[in-house]
Amino acid sequence: MTLSDFEKQRQENIQRNKELLRQLELDSLNDSISREVPKPKPKAKRRKTENARVKTEPIMPSRRSRRLAGSTMEDSEEDKQMREEMEKAEERKRELEKLKSTRLFGDFKLIDLVVNKQGEFKNQDKILKAKEKDNEIKKEEKEEIKKEEDSTDSIDLSRDNEVLQKLQQLGDRFSAGDFYEMIKDTKSKYDDTVLQEKREEFDRVKLYERFDPLDIKITQQRITSIAFHPAKDDRVVVAGDTTGYVGIWAVDAKGDDETSPHITILKPHGKAVARILTPEQQPSSILTCSYDGSVRRLDLKRLESTEVAYLQDPYESSDYPLGVSDINVADNNLLYMTTLSGNFYRYDMRSPFKQGELLRLHDKKIGSFSINPNAFHQIATASLDRTMKLWDLRNISQKNSYWSEFDDKSPHLYCTYHSRLSVSCVDWNHDNHLVCNGYDDTVNVFDLSGSDKLPLVTEWSKDYETEKKKRTTIEDGVPEKLEALTRIKHNCQTGRWVSILKSKWQLHPADGLQKFVIANMNRAFDIYDQKGRILCHLTDPDRMTAVPAVSMLHPTENWCVGGSASGKVYLFE
């Protein structure tokens, strides 16, 4: 068979490549490489060494028979005494932890309520016994209390006593007449020129520089309420937290130790302190209310803490407190209170407290309420039920509670504002403007000073009602038509670890410009006028490390203070 031309060419290429390889001597090189590679030598076998056995002691049973152990069935006197002391110590510890969350009974000196850095009473034994009711204290225990009162000097209270003495001196210098200019109405018209001047004035306000804000820890836990005392020369800031502690900071106090702020922490309550206020005609008194159901007065002159009122559920057989959510004072003697259950109560502080009939304002928690400073019979309430309501206390009847699931009496309802989510707070100023905010991320300003739609709020009769729908359901029968003058977008989503944001008016602005403050979640304060125009955004990013959620303006001066979740305070001056 003859080969094709292509096959012939392929055979020639093969022969030519072989000849080329032979000339290069690659075959011999390959053989030499294979000869130079040594064969691996077998590894020497090593003798295995056995691990030394560790001698283990037999495990003894956790419980052994006394008979096998050779001991007697009865303990010695020393063992009995030691066991009894341990049991008493454990019982005392449990009792103290339980009593920490209960309210105080009776009157105390402020020095007795001082706590240490761990939040424990420095006069712990005295408070533990005093929290028991008088009829449960034995004669021997009363003698022990008297001895402990005599031995108070042995406890180191020098620093706390120094702060309280400064507060006492401060209280002695207060008179109601000193605040006449503050109390009388200061109404003045202003235009954009005044607005610009105010913004420039607030631009000069700076964070307090005498101490680092991280050192101004005024309470043990998250701050839930704060108050700025009306004094201007010797300023005082008071704050309460979630566990009943109340801290007092003498801002301008000076002493031998200038390395730390002058702060004293007390514990007058067993649960969260909901509100702190100073009555206008009694500047030496500080009122506090708590979820433990009590309202107490701190007297800066006498340095005493006394119980003003205590609310309990009338439908419960045992002593079941009604948590007080907010308080306000009308006409210097009338104390108004709201509860976590939606109740309202009035009490004349000139007479001994005896709980009377509770009024029904909401079926859910009232988070905040405010009195019209121009008409004490009118109040506004903000509730968890997503409404803000206006009431007339002159007209109280069971018929007025037609909207409620309960049969309690209610005041006359003027009108209602409905929100998408719960309303956190409401506040009333001297120009008949309301401000409220809630979890719908808005701040609403209402003008009730008289317009074409609504007459002046102080002229409303005791049966006045705004327009309402034809009543087919309970909700339709409630008067509505309360529209906001201004609606401001504001982030109010505080979450679990930050206190609820609440907008508050300045009580008696010395400059005549009505303004309110609300904390900003970006660690700042926002201040607006009553037309909803922002005046300033107070912040210090380098030194403010937390949200000053609970905020307040000084009653007259343009100073702002706020408390954080860690118990620290930020002051702009």
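Even glycines carry a Cβ here, placed using N, Cα and C.
According to Swiss-Prot, the features are:
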type	residues	note
COILED	72-152	coiled coil
COMPBIAS	79-94	compositional bias 'Basic and acidic residues'
REGION	27-94	region 'Disordered'
REPEAT	218-259	repeat 'WD 1'
REPEAT	268-308	repeat 'WD 2'
REPEAT	319-357	repeat 'WD 3'
REPEAT	361-401	repeat 'WD 4'
REPEAT	418-456	repeat 'WD 5'
REPEAT	495-538	repeat 'WD 6'
REPEAT	542-573	repeat 'WD 7'
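Listed stretches 218-259, 268-308, 319-357, 361-401, 418-456 were compared with the repeat 'WD 6' (495-538); the greatest number of C-beta pairs under 8 angstroms is found for 418-456. The stretches the repeat 'WD 5' (418-456) and the repeat 'WD 7' (542-573) do not meet in space: the count of Cβ pairs below 8 angstroms, excluding pairs fewer than 6 apart in sequence, stays at fewer than three.
The repeat 'WD 7' (542-573) makes no contact with the repeat 'WD 3' (319-357), as judged by fewer than three Cβ pairs under 8 Å among residues 6 or more apart in sequence. Within its own chain, the repeat 'WD 4' (361-401) has Cβ neighbours under 8 Å at 325-326, 328, 330-331, 334, 336, 338-344, 346, 407-430, 432, 434, 436, 438, 457-458, 460, 462-464, 482, 500, 502, counting only residues six or more beyond its boundaries.
DSSP states for the repeat 'WD 5' (418-456), grouped as helix (H, G, I), strand (E, B) and coil, give 0 helix, 19 strand, 20 coil. In terms of DSSP secondary structure, the repeat 'WD 6' (495-538) contains 0 helix, 19 strand, 25 coil. The DSSP breakdown of the repeat 'WD 4' (361-401), given as helix, strand and coil counts, is 4 helix, 27 strand, 10 coil.
Per-residue pLDDT, averaged along the repeat 'WD 6' (495-538), amounts to 94 for this model.
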